[in-house]
Every structure is written in C-alpha cells, then in structure tokens.
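A.B. asks: Okay, handing you the structure first.
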Amino acid sequence: MKHIITPYEHTNDTARNNSDCPDVVLPEEIFFTISIIGVLENLIVLLAVVKNKNLQCPMYFFICSLAISDMLGSLYKILENILIMFRNRGYLQPRGNFESTADDIIDCMFILSLLGSIFSLSVIAADRYITIFHALQYHSIVTMRRTIITLTVIWIFCTGSGIAMVIFSHHVPTVLTFTSLFPLMLVFILCLYIHMFLLARSHARKISTLPRANMKGAITLTILLGVFIFCWAPFILHVLLMTFCPNNPYCVCYMSLFQINGMLIMCNAVIDPFIYAFRSPELRDAFKKMFSCHRYQ
C-alpha cells in the first residue's frame, strides 16, 4: 500500500537533511534470500500437513493459516524485487498501468500477510484456551467443519480488507485502521491470557491433570506471539511516525531504520517454521519423513 508501506526514501527531503541519522541501506540480495527461505520453509509446513493425515486437525489447520500469512509476506518482497528489476532494465514503463496494477496486487499481499497473521494468532489463542479449560468438550466445540468455516471467513474478511486498504491507502483513517488491528489483537490475546491465569489459580488441581501437550501448545503460542510482536512492532511504529510526524527529526531518525524493520518482517516468516518443528514432535516427525523420502501411511 503506497501510503502505508512507502519506503523511508519517500519521506520529506528537508526533514531528512535536518536529521543526523543516515539511512540504513541493506543489499536487496539479503531481502531476496531471506524471502526465498521463508517461502520454502512455510511451503514445507503446508506440505507436511497436507500429506500427513495425523496432522489434519484444527490446531494444525490454524498453524497452516499462519504459515500462509508468513508465505505471503515473503512472496510480497520477492515479487517487489522482480518488479523493480524489470523496471530498472526498461522492461516496464515507469508508473505505467501494468506497474501500478502490479504494485496494488503486491501491496495487497503485504496487507494480507499482516491481517492473516493477526487473525491466525488470535484463533490459535482461542483454540489453546478451549484446549486447556474445556478439554473434555474440545472435540465437540472445535470441529473440523467449524475450523474450515472460521478460516474461510477470516480469509474472506482479510482479502476484502486488503483490497479496501489499497483503494483508500492515502486516507489517514485507513492508516489508523491498519495500525489499530495490531494492538487490538494483542489486547484480545492478553485478555485471554489474564482469564487463563485467573482460572488457572482457581482450578490448579484440574489443570495439573491435563495432558502435557495441552500446556505445551499454550507455550508455543506464547513464543509465536512474542516473535510476531518483535518482528512487526517496529514497522507498525514506523507507519505511525510516518503518518503523524514525518518532519520531526527524531521521527525521521527512527524512520531511517526502515529497511531493518522490513528485514525483521521477513525474518518472522523464517523463524516461525523452526518454532513449529522445535515445539511439535508430530510436525518434526513429518519433516523427517519428507526429507528421508519415506512414504506416508
């Protein structure tokens, strides 16, 4: 989205001249390499779930949704680099119709990546909550049918929101909507965590009898959430500063780190699959089978 994800170099030149902070420029090869790795890793996660019937359950479907979100974020950067390469070599007319349309599609993928991650983490949090505090009713509450319906609604909403944000990208309310979803997701999950903590204190004996995997899933969610905040929060702050104080020297100084903030987003897609593999023995076994070329039963 041109107004939301326009790089730092489009910031007011006068403001940049008044800042003592030089632009931090990273080679495009770094972005491209990280993005390729992110796509391949998350594709492996998707293939593992598709090919292994033991992994075809609600929890792993939610993880697949998060993997798709991460993959879209990586594809965004790959396609952007390809578009820039074609333009620099004269294959595309600068600011032509094709480039503008391609820009909009690529920007929509970026927004889908953020929105998809937000909602995927939220449903994973809800799933973990039900697993811990409604363990006996879990399979009647979280059915495959409800899981598929939930994910379908989420991605339809994300796609519609992404298209709308691209169309109205130059309006401040759009930026506020884009950035507000991030803290709203954190508030939702924080409320779940507080409720889980309060219930845990009053039902300590009951929770101690739960399977270890249930509690392990909650810890995995905490790690995923921490990585997501660490990787995306700097960029969200960049967008807010670019919108509300683009000429302030301190804001401009922070915005000089744009490419580092962008690299953190790419790293999120690379880190998540390692978390899945490290925390899930089932997924780890599926990876081993894939790489050892064993046939799935």
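From the backbone N, Cα and C atoms, a Cβ is placed for every residue, glycine too.
Residues annotated as topological domain 'Extracellular' in Swiss-Prot: 1-23, 80-104, 169-180, 245-256. Feature annotation from Swiss-Prot assigns N-linked glycosylation site to Asn12, Asn17. The disulfide bond annotation in Swiss-Prot covers Cys21-Cys253, Cys245-Cys251. Look at Swiss-Prot and you will find 24-49, 59-79, 105-126, 148-168, 181-199, 218-244, 257-278 tagged as transmembrane segment, backed by similarity to another entry. If you look up Swiss-Prot, you'll see 50-58, 127-147, 200-217, 279-297 marked as topological domain 'Cytoplasmic'. Residues or ranges marked as S-palmitoyl cysteine by Swiss-Prot on the basis of sequence analysis: Cys293.
I'd like to know what surrounds each of these features in this structure.
C.D. replies: Summarising the environment of Cys21 (disulfide bond), the number of other Cβ atoms within 10 Å of its Cβ, over all protein chains shown, is 14.
With a cut-off of 8 Å between Cβ atoms, the residues of this chain six or more beyond the topological domain 'Cytoplasmic' (50-58) that come close are 127, 142-144, 146-147, 282-283, 286, 289-290, 296-297.
With a cut-off of 8 Å between Cβ atoms, the residues of this chain six or more beyond the transmembrane segment (59-79) that come close are 31-32, 34-36, 38-39, 42-43, 45-46, 49, 102, 106-107, 109-110, 112-117, 119-121, 123-124, 127, 131, 144, 147-148, 151, 154-155, 217, 224, 262, 265-266, 268-269, 272-273, 276, 283.
When the topological domain 'Extracellular' (80-104) is classified with DSSP, helix, strand and coil residues number 17 helix, 0 strand, 8 coil.
Tertiary neighbourhood of the transmembrane segment (105-126): same-chain residues 1-2, 4-5, 59, 62-63, 65-66, 68-70, 72-73, 75-76, 79-80, 83, 150-151, 154-155, 157-159, 161-163, 165-166, 169, 178, 181-182, 185, 188-189, 192, 221, 224-225, 228, 232, 268, selected by CB-CB distance under 8 Å and a gap of 6+ residues from either end.
A Cβ distance under 8 Å defines the sequence-distant neighbours of the transmembrane segment (181-199), meaning residues of its chain 6+ beyond its ends; these are 114-115, 118-119, 121-122, 125-126, 129, 132-133, 218, 225, 229, 232-233, 236.
Annotation note: Cys251 (disulfide bond) sits in a helical segment as assigned by DSSP.
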A.B. asks: Cβ neighbours within 10 Å, counted over all protein chains: which one of the disulfide-bonded residues Cys245, Cys251, Cys253 has the most?
C.D. replies: Cys251
A.B. asks: Over the topological domain 'Extracellular' (1-23), what does the predicted model average in pLDDT?
C.D. replies: 55
A.B. asks: Between the Cα atoms of Cys251 (disulfide bond) and Cys21 (disulfide bond), find the distance and write it as a whole number of Å.
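C.D. replies: Per the Cα atoms, Cys251 (disulfide bond) and Cys21 (disulfide bond) stand 10 Å apart.
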